[in-house]
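Student: Per TrEMBL, domain 'B12-binding' is recorded for B:3-138. The annotation adenosylcob(III)alamin binding site is assigned in TrEMBL to B:13, B:14, B:15, B:16, B:17, B:61, B:62, B:63, B:93, B:94, B:95, B:96, B:97.
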């Protein structure tokens, strides 16, 4: 048997997944508590021991890993106009699996420099100006960045006319500086893949070391990517398929965690009818957003804030007072597992509310405008109403008895007609929690990864 | 010489797309680098596009008669955004009904537009105005 081990170093858990290549099947999964502060190797050893208790001893031919340990890949980005180059660099970073902790637009100040120094990002992405466009802003910001006395690498991906000069300014301070093609070479045209490749290369080269994971590097064939990037890869594979196998088609996926809710869409999102005027930046076909204020534990307060106590009470069936008290408790006890009916009800309400809000923020919107020439529709972002598949993952939801009901909150809602979410979709649940592992496996064996996903990701009926 | 950069679009809730495409082709053929924002463009969108592209001119078209309302405060916003002195052109059927063009021109110039073109203006008229204002030979 040729067995491959896939490891996900998380911030609180190390998850391992064993795969039998020839049999195209899962050998098993296991997880163990870890902290980067102590030793990630210990968590890995424990998780492996648990796994092999189920499966018996296994010799691994390859070991691959992804990581979101120690806060994940933390990035700060900058651009010129908030809705244009600043948004393009934010989208590029999110798509590469980064956690974007701050976005700057226009000219940065000395105070901003101090803030960046305090934030200590893993990578800074500097952009601004289309090719041949504004030069002053990015040059100014390069000088400000050069004054920051923290040695994070900088990717320069702005106006090509001055990219070289920016690179010189930054490299003169001894900082690793990489020049990339512009994230927005022409107005409203995105070119984010080269930057994403560079982010990943830097992640492999530098970030792994900085996060104390390099000792593990000897044990495994490689830490390939940040965890969200692996999940995104799995979703693309599931949607698009490979040369040999068809995928399931356009999809939306939600990863509901304790601290964040990630939403992925692999769909073109073009307008569904001819009388629609498109506004804003065209979005990538494979798009990721992350809501840092929405989650089941650390960020449960954010869900309460986004929905209000009354709506959350309505979703959970508890009184607003119970909801508020419960959320406060969860925020302070992130490892809490509900034991009674009230606890389960609150978890359901939080999950439904987080999924609803996160997918609404991810999906595009449509607005009816009455003009002197009659009614016109204006669309911003992606129209996902025609997407027929919805994938749900995340520990809090895959073990929930009411997962299908939670999923239905990601769908179109008559009460919020402006939000272009899927109208009706087949719901798939990542029961064995293998999406990140399959994204890793897909690097070398995409067909095997797709076959396993099609076996393991369970269809849960259709939601409307 | 580097091409001069224009921002082109139809302002407000106006969806007239045909004239916009004709202008785009005419200005491009005349040697300008044109960023076309299409129809239903807000003042903010023109300004943001001009900032990123470092444009020399913003060309506003309007056909549905409500251009005067849509253009109010445009120059002030340009100044505020740091586009001081950028050339602002407006043209088309920019006011309600048939009005004396000299009067219309004066009102738009008071609003800060450098050039005002009435209904039925050919693209060549605007192109020669651009060449003159941008000091382009030929």
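Heads up, the Cβ atoms here are built off N, Cα and C, so glycines get one too.
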Student: Find, for the listed binding-site residues B:15, B:17, B:95, the residue with the lowest Cβ contact count at a 10 Å cut-off, counting only other Cβ atoms.
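Tutor: The binding-site residues B:15, B:17, B:95 were compared, and B:17 has the fewest Cβ atoms within 10 Å.
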Student: Across the domain 'B12-binding' (B:3-138), what is the average pLDDT of the model, as a whole number?
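Tutor: PLDDT averaged over the stretch: 94.
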Student: Quick one: largest C-alpha distance among B:13, B:14, B:15, B:16, B:17, B:61, B:62, B:63, B:93, B:94, B:95, B:96, B:97, binding adenosylcob(III)alamin per the record, in angstrom?
Tutor: 21
Student: If we take B:13, B:15, B:93, B:95, B:97 as the binding-site residues, which have a Cβ under 8 Å from chain A?
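Tutor: Near chain A, the qualifying binding-site residues are B:13, B:15.
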Student: If you draw a 10 Å sphere on the Cβ of residue B:97 (adenosylcob(III)alamin binding site), how many other Cβ atoms land inside?
Tutor: 6
Student: Helix, strand or coil for residue B:62 (adenosylcob(III)alamin binding site)? Use DSSP.
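Tutor: It is in a strand.
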Student: Count the Cβ atoms, other than its own, that fall within 10 Å of the Cβ of residue B:93 (adenosylcob(III)alamin binding site), considering every protein chain shown.
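Tutor: Here the count is 20.
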Student: With DSSP helix as H/G/I and strand as E/B, how many residues of the domain 'B12-binding' (B:3-138) fall in helix, strand and coil?
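Tutor: Split into helix, strand and coil, the domain 'B12-binding' (B:3-138) gives 56 helix, 27 strand, 53 coil.
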Student: Say we define neighbours as other CB atoms within 10 Å of the CB. Which of the binding-site residues B:13, B:62 has the fewest?
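Tutor: Taking B:13, B:62 as the binding-site residues, the minimal 10 Å Cβ count falls on B:13.
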